[in-house]
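Q: Heads up, here are the entries from TrEMBL:
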type	residues	note
BINDING	616, 617, 618, 619, 620, 621, 622, 623	ATP binding site
COILED	499-526	coiled coil
DOMAIN	690-706	domain 'DNA mismatch repair proteins mutS family'
Ligand code: ADP
Ligand code: MG
């Protein structure tokens, strides 16, 4: 090892502290990677792996990427789950002696990226910190690109829900079981940083580095140790990656998760609030329908509103009233659109400003955005609105900021800082003069020539240029004798017939001309830095404006959607009755068109209509209907208008949605186990004020188990919790509950039979469905004709027994899989089927006997009935034997 070259020694010293990152080691115009890093990076980045002599016997594996295009390579490594430590030359190689000093200037990790291509402009990029002690957790998270910073304290049991809400890009933690966290992180597409516990110490008093003492005192952190240490971890980690105390981070929003509607992870996923279950894309989600925002800031805020609906009636009402004004004022809406469209992402521009990553072009973008502010204020001020108007008072014109950029930065500046073309000539006298010089170098020289001629009276005096002496004044020997040379002429060279001189002035001009270009660049750079720091001093004001713009954008978007999609303003009521007239599913109607969507009513309360049991065939529209109800309730809590003709919505503390045995969500566990765990969570956490949607719960186990569970779950909710509940089920038996228990109502989705076919009417009506229409649906799904025919034959045999259809059709499915050619005659399979068939048949016979109205029968009827029963009994007897 001691034979290592000095540079390699330096490499190893640095690498020692960044073992968990890929080290980008700056060598000239390249970032080089060595050893294991090189092997990994060459594979991930698909670049050539070479070798470098490092003093050891074997050459060091090496690969490299050009400095100027490094950001795309960094992005690719981050996307593949690596962190990158960027090691720069920290002294000027041209003036340093020996080995250039190098140091890591920044570590890039998923939660701390600044690279635009790694950021979703309408989504925050959060780094989240979790600190646990006893059963309490402190959580804090920050988006360093925007400065959004939040913290709270929660019970350990709410951790999953909170992470699902925030959807952080990276999670750091202390004292939390990593396996549990890993599962949550995987589901939310977050990177779990397992080497993060070391950041949770307060050796450096990190809070005081980022915030003033006074501010920290207002946070009362000593009474909230969990939050305090979660913040310490977060800030230490940020410092360790950014290596600078920058501050687009100015305040921490401390919130109480109880101030928002609680929505657990599965409900979020099921309701497809911000992404779809299957493709995980925004398209097809509720957010996608609602998002007509014009700015990235508005897009992010809208997402936040959807992720955390309010439960405070006044706050909801405030939003609704604003949206109403926008909805009703077409021209205000359109005019605002026009202005907002041209506003750049001011929040992220502020982030770049704070982290000194902003370029001159981006300052122009900031200026252009600020330019729109007076127009927006004017629009609001002159509008016929009552509430929107008030927003004007919150908006700072930022005129000084606009002026500063406008006066200093040229309209189409370069994207880089050191190549000039940044500062307006009119902004700085020196720059002006230097630019003149480079443009008019020749003219300036001939001006001097003229001046010297008239001073000396020598008409043939001329100024020349050579590489050795630069500019010089040349006077012939003849003239020298005749005229006196000024005393500031410095003799430089004697020729046979002439003398050459220089002057101070000429030297200065010469130097200026020759160096002007370089000088301009340096000067422009330093003026840019000055402008940048003056802007940075005002960052809070700019951020504040960005927040208001985002707010206006979201209100405008929701107003536009309410108008275009024909939504109504919900009544937020204090009563417990939830009543929706002609409600629609916001996403489904968006796909198929409002005119094709069949609207439905809903009425739920906490007395006689607590639980709605919904039956109806597959594909009838049960799931759509129940989701529509929860989405309408949720939209109302966001403060949005809702897809309905009329809606009375009481404040709901929690919404739960569960889908029976859904494979999408199972993470290794049995689907039924997952289903039951989720149901257990609901039964433990739902209150009287919750809204619960249960979709085919009990599907994942055998019929009798499933039915029994479904039954007792409904009973429990009705008696013990008393919350509004919709329960879709294929167990028609559950409809019997309506008569047995107060609070339960039956509904079904209407279908119309037409010969062998059925038509889905999509209309929810009172009463229970009496048929499953499974075979009809199978026919619609274009199962082979033979299968449908045979199924109908079997069905005929089974008629009268709901249960059997289920079980038997399941058997049919199994045998179709196990046998190449499906045949019901196959001995083994047939006998299997008939055993269960027999059990069911016995039950039917029993039921039939019990249901006989013996007193009302004629003797002939009785004989016939007995005869039929005996025949059926015979059938079973044969099979069992
Ligand atoms: P179920 O849960 O009863 O099996 P779904 O709710 O999944 O049925 O609905 C099946 C399909 O029917 C949906 O994909 C949707 O396109 C359509 N649908 C459901 N409800 C309606 C409605 N009210 N109007 C129009 N189409 C509907
Ligand atoms: Mg369904």
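Counting begins at 1 with the first residue displayed.
Each Cβ is built from the backbone N, Cα and C atoms, and glycine gets one as well.
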Q: Of all the binding-site residues given, 616, 617, 621, which residue's CB has the most CB neighbours within 10 A?
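A: Selected residue: 616.
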Q: Return the residue, from the listed binding-site residues 619, 620, with the maximum count of other C-beta atoms within 10 angstroms of its C-beta.
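A: The residue with the most neighbouring Cβ atoms within 10 Å is 620.
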Q: What is the pLDDT of the coiled coil (499-526) when averaged and given as a whole number?
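A: Within the coiled coil (499-526), the model's average pLDDT equals 88.
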Q: So which other residues, same chain and not among 616, 617, 618, 619, 620, 621, 622, 623, have a Cβ within 8 Å of the centroid of the Cβ atoms at the ATP site?
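A: These residues sit around the ATP site: 728, 749, 760.
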Q: Among the binding-site residues 616, 617, 618, 619, 620, 621, which have a Cβ atom lying under 6 Å from any atom of ligand 2?
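A: If the test is a Cβ under 6 Å from any atom of ligand 2, the answer is none.
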Q: Going along the chain, which residues six or more apart from residue 618 (ATP binding site) have their CB under 8 A from its CB?
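A: Listed in sequence order, they are 730, 772, 773, 774, 777.
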Q: Within 10 angstroms of the C-beta of residue 622 (ATP binding site), what count of other C-beta atoms is obtained when all protein chains are considered?
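A: Result for residue 622 (ATP binding site): 25 other Cβ atoms within 10 Å.
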Q: Just give the helix, strand and coil counts over the domain 'DNA mismatch repair proteins mutS family' (690-706), going by DSSP.
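A: The domain 'DNA mismatch repair proteins mutS family' (690-706) comes out at 4 helix, 5 strand, 8 coil.
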